[in-house]
């Protein structure tokens with residue numbers, strides 16, 4: 001550990017410690033909000049500094065207390081972890097800045113909870129231990145539960161209640177799955193599980209695998225586990241919706257990639273037909289339902305179901321290309337959703353532009369990040385001879401173009417005289433700029449997608 | 001990298017114009033136009049250097065690079081895009097202030113228009129110079145995006161918003177199809193680079209499906225039947241947009257794509273025949289509609305559909321005149337669009353039936369547009385004459401039927417062009433104020449170029465040949481000259497003029513009848529199909545939404561029931577041996593089993609509990625029995641913790657019940673005991689699957705677990721209590737995380753139930 | 001209800017807290033630990049709320065600042081787990097390390113796990129007390145303002 | 001033993017689900033408590049066959065898997081924290097809606113959706 005390299009515990013510890021500190025402070029004060037923002041920004045920087053190490057032949061890792069593998073908890077930062085952590089932290093940062101500049105935070109604990117959410121997400125992405133994954137997952141979920149009622153109108157509370165109850169079921173399924181994994185394989189360390197799966201009968205892992213699929217299905221919100229999503233995204237505050245759709249849903253896709261492609265590749269291969277069916281159903285369901293919705297946030301909610309369906313369909317494709325596409329879809333989708341949910345909130349010239357950029361990205365129109373992710377899926381589907389899926393991707397693009405731009409044209413802020421807020425405009429503008437920049441120079445996204453998958457158990 | 005210079009200059013126009021516009025709104029157009037001219041000059045210089053390619057690294061992960069080409073085809077189209085672009089930007093400088101005033105918008109919005117127009121120009125230049133399938137699509141969609149913004153420029157006007165959406169959806173949808181085709185080809189040939197693709201296609205032809213996909217994209221862009229209906233609607237845009245996008249740029253992009261990708265289409269005769277049919281169909285439909293349309297811009301829009309139908313026919317026939325046809329058509333059509341824009345601005349009228357005899361008030365405009373109209377109608381001494389010349393030349397080689405079709409088409413063109421021009425400028429005199437000079441000058445310039453091309457056709461031979469050879473990949477022998485003899489082309493031209501003149505002279509006799517017929521026919525056109533489809537989808541969407549789950553209970557059930565069913569299915573289909581082991585029960589287990597039975601009894605009793613307090617007590621009864629189970633299972637730490645947690649919980653519940661208004665509780669109670677049948681079924685499925693899944697999991701215990709290792713290590717960790725060692729030391733991170741969960745929950749509680757006065 | 005219950009509940013506070021302390025300190029060696037300790041301490045305070053009402057229960061300093069205590073507990077926890085990294089140890093290294101000599105005698109040993117468990121106790125105590133406090137507070141406002 | 005334990009897990013789970021699907025907020029909260037109980041039971045059921053003495057382990061004696069115990073403890077604590085949050089939320093939700101019944105929430109949701117002119121194709 002030299003002075004030059006970033007230790008792995010850096011991005012893990014930073015939000016955690018500062019979230020605890022922030023818990024004491026009144027988040028409605030400007031300086032506290034800025035402290036939270038600075039924390040997330042520093043976490044982002046620390047995570048970014050991990051990039052070169054994560055890409056090296058030996059990704060950084062440590063085991064708590066230097067105990068033997070399995071006894072202690074292993075944390076590991078491979079490319080998949082780092083790119084997910086980067087994007088999620090960036091999304092959280094943008095959302096927190098937005099909420100602060102949009103007129104001040106109205107709850108004492110908001111910054112602290114957002115940073116806790118960040119700590120939970122970073123932990124989820126860096127851990128290499130199934131139960132530790134559950135703990136961090138619960139940290140993120142509980143922060144989200146506490147955040148969901150932010151705003152505290154009857155509408156927000158209703159959304160929060162639905163969110164909490166439905167997602168508790170998901171958490172329960174996940175806990176059960178982790179315990180079953182331990183009972184079956186005798187270890188909680190993911191790498192050891194990979195080894196177990198290669199040596200023993202992988203059919204024994206099918207049951208926990210099914211439960212994991214359903215648990216992450218609830219988080220990611222694909223058909224038929226999505227029924228909570230439209231109501232929650234519509235009725236929660238716009239910032240909260242952005243947090244849930246942009247950052248928290250990443251747990252779902254990451255979990256499926258980590259447990260599916262890394263820990264239990266045999267089970268993933270076994271589940272492929274199912275994933276294809278579920279993916280196709282979500283794509284169709286989300287795109288068709290988004291068409292007739294008149295509330296923009298509901299349109300966005302259904303669009304995110306389509307997005308989830310695309311990710312699932314990508315996972316269902318055999319070979320590495322599909323997994324790469326899933327990573328790219330998840331990363332681009334995360335930024336898209338955040339930009340969309342935030343941009344539709346206040347209005348103003350910049351927000352309008354940001355909305356259209358993010359909508360183009362969601363529909364897969366170049367030059368945006370979303371285009372490359374959809375292109376990847378299309379490429380993978382065509383390479384597998386999966387014309388039907390390719391057709392669905394095309395259809396989903398067209399339908400989301402219609403529904404998103406219908407909503408865009410219907411919105412009040414399209415007219416003159418919409419409130420123009422410099423700060424909020426700047427946040428959404430920055431997000432849309434990131435989307436366009438990635439669209440113009442896709443190499444980082446493409447490399448992230450390719451290399452994130454390269455080290456996973458399924459392809460080793 | 002000299003090849004980049006014109007592209008970079010074209011790309012720089014829009015930002016420069018924006019900066020200039022921030023300084024002074026009027027300056028943006030001038031800066032943009034001069035940028036376009038500079039780019040044009042650079043391009044001209046480039047073209048003298050002969051063909052070249054430029055490859056820049058871009059995304060090596062996918063093996064992509066930025067590939068640009070400089071050949072006759074790209075040169076021709078780029079010159080067209082840049083020159084018409086520069087003129088239109090200048091024209092819009094004169095057009096826009098008036099337009100904005102009419103719409104009640106501030107004058108500074110003009111800058112946005114110029115910037116968008118120049119961005120479109122840049123996208124177009126990019127489209128014609130890239131040499132890579134993927135980049136072609138990217139540039140194509142760039143034009144789609146900018147055109148959406150341009151058509152919807154009057155964003156307060158519902159009609160133009162709807163038109164913008166329609167064009168976005170149609171061109172966007174077809175270009176996604178194009179992309180699917182491009183992706184198929186990219187996978188088939190292992191590269192997106194066009195020269196390599198062409199090279200490999202020579203040995204293994206492209207699949208028909210991919211070619212059809214590519215063609216669909218091109219047809220949508222070029223507004224060919226059956227996608228043509230977006231173009232007339234797009235006339236809601238300000239006139240400079242129509243005159244640029246819908247004459248020389250956007251619609252040209254589709255035909256350009258087919259010309260660029262011609263080597264792929266050349267061997268696919270079936271696809272080419274299909275394109276041929278669509279070309280003739282578009283020609284007919286466009287021309288007929290142009291004959292009866294009343295708003296001038298619509299006449300021109302239908303004419304555009306028809307004219308690109310000609311171009312499509314030429315491409316489908318593999319004629320070397322195809323690029324030239326588009327290039328010759330562009331200035332004529334642009335000039336006519338600009339003319340009608342000027343007329344609308346001066347008179348405030350938009351329909352042929354509302355104006356006449358403007359030649360007296362607008363003599364220069366009348367003269368210049370007469371030249372442009374002559375060009376469109378292919379009269380001699382204009383460049384348009386040669387466009388029909390090459391067209392007829394291509395048809396002659398295919399036989400009399402084609403020749404007849406061409407003759408009728410050309411005749412119709414003359415008829416509607418005459419009708420338009422005469423409708424505007426001929427007939428009863430109307431006096432209107434003079435048009436601003438800047439509105440007329442671009443028309444004059446364009447007309448001058450049309451005339452120059454007609455008088456000195458020799459100048460055009462070289463570029464036309466270069467473009468043709470770039471398209472077909474072989475040297476071209478295209479000739480453009482007047483031949484005063486009785487060759488078939490000339491005869492056809494004369495025949496067409498005669499037919500056109502006849503149709504124009506007798507127009508009063510057949511126009512009403514034709515209009516009625518077309519009205520009836522167009523009711524069953526593709527536009528109707530599009531609307532029906534959209535409407536159907538909307539209905540389906542609403543219907544599905546009505547069906548959708550909205551109750552909290554169903555939302556929960558929709559998670560658990562699929563999971564349960566999925567779990568059961570998985571158990572059913574997975575071939576795992578010794579799926580279920582019943583296990584053994586000894587006398588030592590008696591206490592454990594009794595505690596379990598007690599817990600189950602309490603759990604079952606909760607279902608029957610009427611009062612809330614009883615319910616809470618039963619729940620805690622379940623908890624305490626389970627604590628007993630844990631104690632008998634030799635897990636004293638868990639037992640202790642769960643006893644304490646249960647106690648705390650019971651008290652908290654009691655506290656909550658004390659909080660809730662008793663009337664509300666009673667009311668809720670009465671409701672609560674009426675479960676629905678499906679809730680029972682859901683609970684049953686969930687329970688059965690939980691039972692079977694846990695049984696399956698418990699039947700496959702791994703004997704050698706990490707737990708045994710921790711027992712050995714506990715002593716090393718200075719902790720005689722292994723559980724404490726695991727909690728605090730080995731898996732201490734879990735505990736810290738778990739406690740953070742508690743604190744996060746605490747924060748949630750405090751923010752939900754705030755202290756009074758601190759709000 | 002003037003009965004023996006309120007004085008009895010007050011009398012219970014000290015023994016209960018002592019048991020909680022014992023649970024905390026002996027957690028390393030025997031059944032116990034920070035979590036039961038915190039829950040027990042919270043339970044006692046809960047009893048005070050139920051029996052004597054909010055005002056009486058808030059006489060204790062620890063009750064008034066329960067939420068803050070939870071925060072302190074989390075800082076303790078995070079500090080014990082992560083401060084060693086600054087000295088180059090792996091995260092969640094407790095001291096004494098394996099192989100290092102222990103300090104203390106009998107069932108009681110000095111070990112950073114104690115601080116760790118102490119943090120646990122504070123957090124659990126904080127949660128239980130804060131929740132009941134807010135519930136109690138909410139009851140009084142509910143009576144004033146109605147639904 | 002395995003059969004009995006998993007039967008009880010299934011039973012608790014079914015009762016929990018049945019409660020969560022009730023029409024009333026308090027019962028929903030109670031249901032989640034039962035569900036948590038069932039998953040904790042499942043965790044420890046893994047160690048039923050080889051249970052022994054966790055404290056003061058002597059070499060050679062059977063041992064209840066300490067990792068499973070600590071997992072159970074963690075699960076209990078997290079379940080406890082989340083349930084406390086849920087209880088608070090129940091309280092706030094019923095206060096905001098003036099009812100403890102979930103169908104009232106649905107009505108409120110539908111009413112809001114109706115007010116924004118939803119349901120007609122655009």
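The backbone N, Cα and C atoms fix where each Cβ goes, and this holds for glycine too.
TrEMBL: automatically predicted annotations, no manual curation.
Here's what TrEMBL has on this protein:
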- B:72-91: transmembrane segment (TRANSMEM)
- B:131-413: domain 'NADH:quinone oxidoreductase/Mrp antiporter transmembrane' (DOMAIN)
- B:209-231: transmembrane segment (TRANSMEM)
- B:243-262: transmembrane segment (TRANSMEM)
- B:274-292: transmembrane segment (TRANSMEM)
- B:299-318: transmembrane segment (TRANSMEM)
- B:401-422: transmembrane segment (TRANSMEM)
- B:434-456: transmembrane segment (TRANSMEM)
- B:556-574: transmembrane segment (TRANSMEM)
- B:586-607: transmembrane segment (TRANSMEM)
- B:598-661: domain 'MrpA C-terminal/MbhD' (DOMAIN)
- B:614-633: transmembrane segment (TRANSMEM)
- B:639-660: transmembrane segment (TRANSMEM)
- B:676-754: domain 'MrpA C-terminal/MbhE' (DOMAIN)
- B:681-698: transmembrane segment (TRANSMEM)
Near the transmembrane segment (B:434-456) in space but 6 or more residues beyond its ends, with Cβ under 8 Å, are 84, 87-88, 90-91, 93-95, 328, 331-332, 334-335, 338-339, 341-342, 345-346, 361-362, 364-365, 367-369, 371-372, 374-375, 380-386
Query raised in the report: Do at least three CB pairs under 8 A connect the transmembrane segment (B:72-91) and the transmembrane segment (B:209-231), leaving out pairs fewer than 6 apart in sequence?
Result: no
For the domain 'MrpA C-terminal/MbhD' (B:598-661), the DSSP helix/strand/coil residue counts are 56 helix, 0 strand, 8 coil
Tertiary contacts of the transmembrane segment (B:72-91), defined by C-beta under 8 angstroms and 6+ residue spacing from its ends, are 6, 10, 29-30, 32-33, 36-37, 39-40, 43-44, 46-47, 51, 114, 117-118, 120-121, 124-125, 128-129, 240, 243-244, 247-249, 252, 256, 259-260, 323-324, 326-327, 330-331, 334, 338, 341, 438-439, 441-442, 445-446, 463-471
Per DSSP, the domain 'MrpA C-terminal/MbhE' (B:676-754) contains 63 helix, 0 strand, 16 coil
For the transmembrane segment (B:243-262), the distant same-chain contacts (Cβ-Cβ under 8 Å, at least six residues beyond its ends) come to 73, 77, 80-81, 84-85, 88, 91, 117, 120-121, 124, 127-128, 136, 140, 143, 147, 150-151, 171, 178, 194, 214-215, 217-224, 231, 234-235, 237, 275, 300-301, 304, 308, 311-312, 315, 318, 322-323, 326, 329-331, 333-334, 337-338, 341, 467, 471-473
Averaging pLDDT over all residues of the domain 'MrpA C-terminal/MbhE' (B:676-754) gives 85
